[in-house]
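K.L.:
Dropping a structure here in structure tokens format, bear with me for questions.
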């Protein structure tokens, strides 16, 4: 989807400044998740597991459901932004609602995953690896939850006052945020789950 200076999200100077500010904010987010990843990867090789190994606990089908839900939501979010730039409000809202639903599916399964680990006696206190695991996954899950609330608030605003050059940049910014979280999840899926299914300690 090409960026056009005449699209509804690019018609105001304030909107463009907000986008620039958000890109700067994302650099801090990259630093945050980079630090969490570095910590977990270090502890993945030599950290304490408290006798609870990832090779025994990680469930591929559950992880795949979460992954597909989040990746498909990135696609539906992209479609929503396309329709936003076409100024087709109803179609934009439809695809953003689908995005929210998929996000809720992801969060729901992540809560289930954490509950499953808790039932197996796994918690952040049993070993350094699990502590870093729950911090990384919990931080990402909290960001996804925040993104869902953010989108819902914007959809309410747009539904009330209509799509305009004031709220369109906000919608574009939240789409960047959502895609960023999808990228983070791809790294989690690869570095945490895929490695964890074949190696512990």
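Glycine is no exception: its Cβ is also placed from the backbone N, Cα and C atoms.
Sharing the features that Swiss-Prot gives for it:
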{"type": "TRANSMEM", "residues": "20-40", "note": "transmembrane segment"}
{"type": "TRANSMEM", "residues": "62-82", "note": "transmembrane segment"}
{"type": "TRANSMEM", "residues": "91-111", "note": "transmembrane segment"}
{"type": "TRANSMEM", "residues": "133-153", "note": "transmembrane segment"}
{"type": "TRANSMEM", "residues": "172-192", "note": "transmembrane segment"}
K.L.:
Which sequence-distant residues neighbour the transmembrane segment (172-192)? Criterion: at least 6 residues beyond either end, Cβ under 8 Å.
P.N.:
9, 18-19, 22-23, 26, 29, 33, 37, 40-41, 44, 63, 66-67, 70-71, 73-74, 77-78, 80-81, 84, 99, 103, 133, 136-137, 140, 143-144, 147, 150-151, 154
K.L.:
I'm a bit unsure how to read this: which one of 62-82, 91-111, 133-153 has the highest number of Cβ pairs shorter than 8 Å with the transmembrane segment (20-40)?
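P.N.:
Between the candidates 62-82, 91-111, 133-153, the best contact partner of the transmembrane segment (20-40) is 133-153.
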K.L.:
Using a Cβ-Cβ cut-off of under 8 Å, list the residues of the same chain that are 6+ residues beyond the ends of the transmembrane segment (91-111) and lie near it.
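P.N.:
Sequence-distant neighbours of the transmembrane segment (91-111): 62, 65-66, 69-70, 72-73, 76-77, 79-81, 83-84, 137, 141, 144-145, 147-148, 151-152, 155, 158-159, 163, 171, 178.
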